[in-house]
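Inspection log for the structure reproduced underneath, given as structure tokens.
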């Protein structure tokens, strides 16, 4: 009599975990994948409280260790980014069609809030061009800034509040996964399209045009330029700024905007430029941020615009701020918590909406300058805030003579750096679908509108994700004799199939959305394999499904496995399951499907399954031989 195979591996059929245990485990993996409190699990309560406070309010962690040596670096970095914040604040406020002083206000309060709650050492807080233009484009759909500035400004503050609320809520609920739907391809295309629109819009200031469009698409902007062609004939060209991208010479690009503003102010003041038709910023009053709580507007007639602007700008500013913070942290082999960053950015926008600020995040240009200037902690944001306070108290009126042409030059210089040609070309060479996602954002923003372009790109990205779910990868495995490993026969041509066996590897969760495809794909594998092996005199007797790549399965997926089993049995083939994951095995047990499949048909390794199947074949042949002998 043939003896049973000596298998050293056994499948663990432990009792399925309870619903509460599963729910807790799933929530932990979804909301706390980084396990932030693992270091304090066994600490005393007082220690836990201190560590918890340091986790949620990072300034409690780094401020007690702060010293004069660190201050020297942060002081230089803070002053440097403050010199960049002044012209950028005025310029980007101009993009948002709000008073320039609001741009200066926005670099005073938000940096202080971020210094308390932010986890990045290098992120420099400020306004950004893309969100400035986006807010203006959406809110001007309801209210024209030139017709009713008080109402328009109140809606901008309200949009900033909604942005802050959305960002804080995402951080508290640890739903940073939602921001991941804005892929790098989407951000690249969106920033490039926005840069094109902003550059074209700056022709108004560069060419001295007085009448221009409020729309944010290329066609409208070019049409406005064409209608103003008579004014253009009387303008002169302005020299463009050039940025030095060498890290050691960061101060050149950092002080260039301020130098431009100062030179422009001096020229406008002594030449009485406004009398010669050169437009200037106009009156800027002294004083720090006044309260704007009373200006928040929740009128049902207008509320849709600030909600829409707030939500879209919240997602874009989060994606930009977190990505930039992580990029510079990686350079120093450091990590930042995306959820804490969302809370910090959200809180600074909430407080900003109460103190006459509009939306802020971590712009790349200012953060790069902060990093290259040698900042060590978030204290550089505090230094910048103090510099802005002094500017608001004593120097603000001096910037009222800033020519609009200078601001346009500053904006165009910054925007040209946002058009990432190399990234787009890299996407085209490496992944055509990612390139299409990028181009959908670029052309959608450029020729339709910012929100439509963004939705088109995100929609394509979601379609791609759904295709991955609906059409999971499967492959046939073969044995590489030299190694004893089973690998994809297409990837490894030396891998050979096993006579009588069809070994398939399924590579993704089985859900209702892909069940039909999984069933049809497996049956097609069987059909193709049988047509190939019959000519050689071999028949498929066993179908081995390697389930190590299936992390989960739903009820429809379980029913599909049973249906596949019935189909292959009708063809005289026995279905074997190999290496089912814990979640899959538990679902088979609680649905009692394991009784139908039988535990004898479930194995830990492919080798165990093949040995057991061969043993059963030998037993079957031995029994047939004995029966024939008896007959």
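Cβ atoms are placed via backbone N, Cα and C, with glycine included.
Whatever TrEMBL says is automated annotation, not expert-curated.
Listed ranges 381-399, 476-494, 495-513, 514-532; the one TrEMBL annotates as transmembrane segment is 381-399. The transmembrane segment annotation in TrEMBL falls on one of the ranges 76-100, 151-175, 201-225, namely 151-175. Per TrEMBL, the stretch carrying the note transmembrane segment among 229-247, 286-304, 343-361, 362-380 is 343-361.
Check TrEMBL against the ranges 36-62, 441-467, 549-575 and you find transmembrane segment recorded for 441-467. Among the ranges 1-20, 181-200, the stretch that TrEMBL annotates as transmembrane segment is 181-200. Sequence-distant contacts of the transmembrane segment (381-399) (same chain, at least 6 residues past either end, Cβ-Cβ under 8 Å): 74-75, 77-79, 81-82, 85-86, 90, 100-101, 104-105, 107-109, 111-112, 114-115, 118, 123-125, 261, 265, 281, 283-289. Within the domain 'STAS' (491-613), the DSSP-based counts of helix, strand and coil residues read 63 helix, 21 strand, 39 coil.
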